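Asks: The domain 'tr-type G' annotation in Swiss-Prot covers 8-290. Under the heading GTP binding site, Swiss-Prot lists 17-24, 88-92, 142-145, citing sequence analysis as support.
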Amino acid sequence: MARNTPIERYRNIGICAHVDAGKTTTTERILFYTGLSHKIGEVHDGAATMDWMEQEQERGITITSAATTTFWRGMDAQFQDHRINIIDTPGHVDFTIEVERSLRVLDGAVVVFCGSSGVEPQSETVWRQADKYGVPRIVFVNKMDRAGADFLRVVDQIKNRLGATPVPIQLNIGAEEDFSGVVDLIKMKRINWNEADQGMTFTYEEIPADMQELAEEWRQNLVEAAAEASEELMDKYLEGEELSEAEIKEALRTRTLNNEIVLATCGSAFKNKGVQAVLDAVIEFLPAPVDVPAIKGVDENDNEVERHADDNEPFAALAFKIATDPFVGSLTFMRVYSGVVNTGDAVYNSVKQKRERFGRIVQLHANKREEVKEVRAGDIAAAIGLKDVTTGDTLCDQNAKVILERMEFPEPVIQIAVEPRTQADQEKMGIALGKLAAEDPSFRVETDEESGQTLISGMGELHLDIIVDRMKREFSVECNVGKPQVAYRETIRGTTEVEGKFVRQSGGRGQYGHVWLKIEPSEPDAGFVFVDEIVGGAVPREYISSVAKGIEEQMHNGVLAGYPVLDVKATLFDGSYLDVDSSEMAFKIAGSMAFKKGALEAQPVILEPMMKVEVTTPEDWMGDVVGDLNRRRGMIEGMDDGVAGLKIIRAQVPLSEMFGYATSLRSATQGRASYSMEFAEYGEVSKNIADRIIAERG
């Protein structure tokens with residue numbers, strides 16, 4: 001079967017933003033203008049098409065990244081059909097994991113900001129994630145009809161707070177209730193969208209006289225940015241020659257793809273103005289799969305290989321999300337990087353080292369699905385019927401095995417105990433938690449060995465609320481929930497050499513395992529690093545992985561208070577064995593014993609999650625807010641001026657001190673202040689707090 005749309009006309013984009021910037025409404029409008037949804041769904045009516053879980057519609061926030069495929073020919077039907085695969089990403093900070101894994105598989109992004117509140121803490125998080133994956137992006141400043149909306153102020157914040165180089169390609173005409181359209185700075189015309197048909201048609205008109213001067217000034221800025229794309233254009237510009245519209249667009253595209261500039265547009269999705277031009281900008285300025293560097297991976301022999309966006313290369317895809325669908329079971333969302341795969345084909349999961357067969361392949365429009373026979377390089381689709389695939393796994397051709405870069409997922413910071421209400425709920429709860437954990441790598445389930453309780457941990461209170469809510473709705477499991485607990489961790493600060501010897505002699509065959517380990521801190525965030533320095537066969541090859549396994553299992557229970565241990569490097573440098581008595585089990589136990597002994601000698605410490613907190617407050621209450629943060633062991637990192645005389649206080653505060661903060665902030669500031677919080681890093685706790693934690697766990 002031939003390809004319907006050439007890959008050069010594909011755009012895989014994400015729509016990212018912080019909670020209230022109007023991202024879902026923007027996506028809804030995109031679906032409306034591209035002809036996919038005939039009635040515009042409003043978020044505040046709980047009817048948006050992309051938000052397809054019940055909890056999303058109730059809370060008016062997007063939790064899971066729904067993927068959808070649409071086609072666009074341009075506002076003026078000036079292009080051939082382009083296929084746009086859109087991933088709508090959540091804006092709430094507890095779900096940054098969803099954003100992270102979406103950005104991993106996208107080629108470009110549209111970042112939506114609110115015209116009045118501008119760059120908010122969550123926007124910074126999303127921006128940093130997009131920087132990490134080198135995703136080219138354009139900006140849509142939405143809600144220009146809102147009180148306090150100011151396009152150029154937001155552009156300024158993008159420059160100063162995010163360290164980007166924004167280049168406006170539009171200006172707003174009027175703001176707040178007077179917002180009536182935009183000036184296109186490339187064409188130097190006013191765009192007037194027709195309100196009678198919800199903005200489906202438009203006209204170009206002359207720029208209003210009172211805006212002529214401002215438009216000239218920003219047009220100059222835009223041409224200058226374009227000229228910097230090449231020496232040739234710069235010479236032309238400096239000699240006073242006019243750059244043609246095609247030259248300007250080509251130059252802006254080049255610089256956007258190189259992540260040198262970020263083009264800025266504006267509008268109001270709710271008022272049906274501006275989204276149409278954003279779609280044009282996606283086609284003109286964001287990359288096709290062939291415009292981004294080839295994805296790197298490693299083959300079976302650990303050699304680095306690349307996969308190019310080409311149907312003739314071997315098949316390779318990344319599973320970036322697992323979702324449970326009430327009708328078909330498990331859906332595996334994947335981004336195909338190279339090659340072609342048909343329904344019924346056998347493929348290889350190179351991370352799990354297992355074969356899988358594609359039962360059916362569907363392309364989704366929010367939660368409606370359309371079956372397809374095959375998918376090709378550049379496609380985003382979902383496969384039904386894969387047995388054992390986790391987020392981040394690579395699916396590839398059995399004859400050209402490759403592991404694409406793995407995704408990194410954050411450590412959970414908050415933990416609660418859940419217990420089923422009835423015996424019947426007990427079994428169902430196990431199944432439900434297993435499925436939810438497969439969908440979401442930032443959510444973990446474990447059993448407390450001493451109390452036998454089931455503990456679930458995640459990225460924040462809202463994250464766990466939604467998990468409990470989904471157990472009830474999707475799996476009919478009723479459960480009682482304990483008080484949230486902080487997910488402490490342990491690590492070591494010193495270095496030591498230790499011996500672990502396990503000997504058991506009880507008639508017949510005994511057990512014998514003997515190891516010498518050097519235990520030391522690994523690089524921050526490196527996790528567990530195991531180094532094998534055995535020479536001369538002091539420990540036989542076949543037992544070495546057992547030693548590592550023994551250490552790793554022991555790391556689940558730290559020596560101080562039984563919390564998991566982070567960032568340790570263990571070097572196995574000596575040991576001994578007996579031909580008859582040695583076994584994998586004996587060496588596993590020896591490794592575990594040595595680690596336990598070594599961790600006690602290597603200055604063990606307890607770590608606690610430190611949160612990045614931003615409080616926005618009227619100036620009158622600033623002293624109270626700062627005083628309260630200091631009392632909560634917070635470190636004030638800086639203060640900024642917000643909009644409308646508000647102050648923004650940035651601090652790092654231990655999570656353990658932040659429970660109930662929302663209520664206390666409300667009462668301290670008569671409900672005028674708001675805050676946002678996200679995980680920053682693990683920090684060492686002081687001795688007296690460590691003693692208290694150890695005593696509580698006693």
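Placed from the backbone N, Cα and C atoms, the Cβ positions cover glycine too.
Are these features on the surface or tucked inside, and what are their neighbours?
Replies: Residue density at Met144 (GTP binding site): 30 other Cβ atoms are found within 10 A of its Cβ, drawing on all protein chains shown.
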Asks: What mean pLDDT does the predicted model reach across the domain 'tr-type G' (8-290)?
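Replies: Computed over the domain 'tr-type G' (8-290), the mean pLDDT is 82 on the 0 to 100 scale.
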Asks: So how many other Cβ atoms are close to Ala17 (GTP binding site), meaning within 10 Å of its Cβ?
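Replies: 30, counting other Cβ atoms within 10 Å of Ala17 (GTP binding site).
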Asks: Secondary structure at Ala17 (GTP binding site) (DSSP, helix/strand/coil)?
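Replies: Strand, per DSSP.
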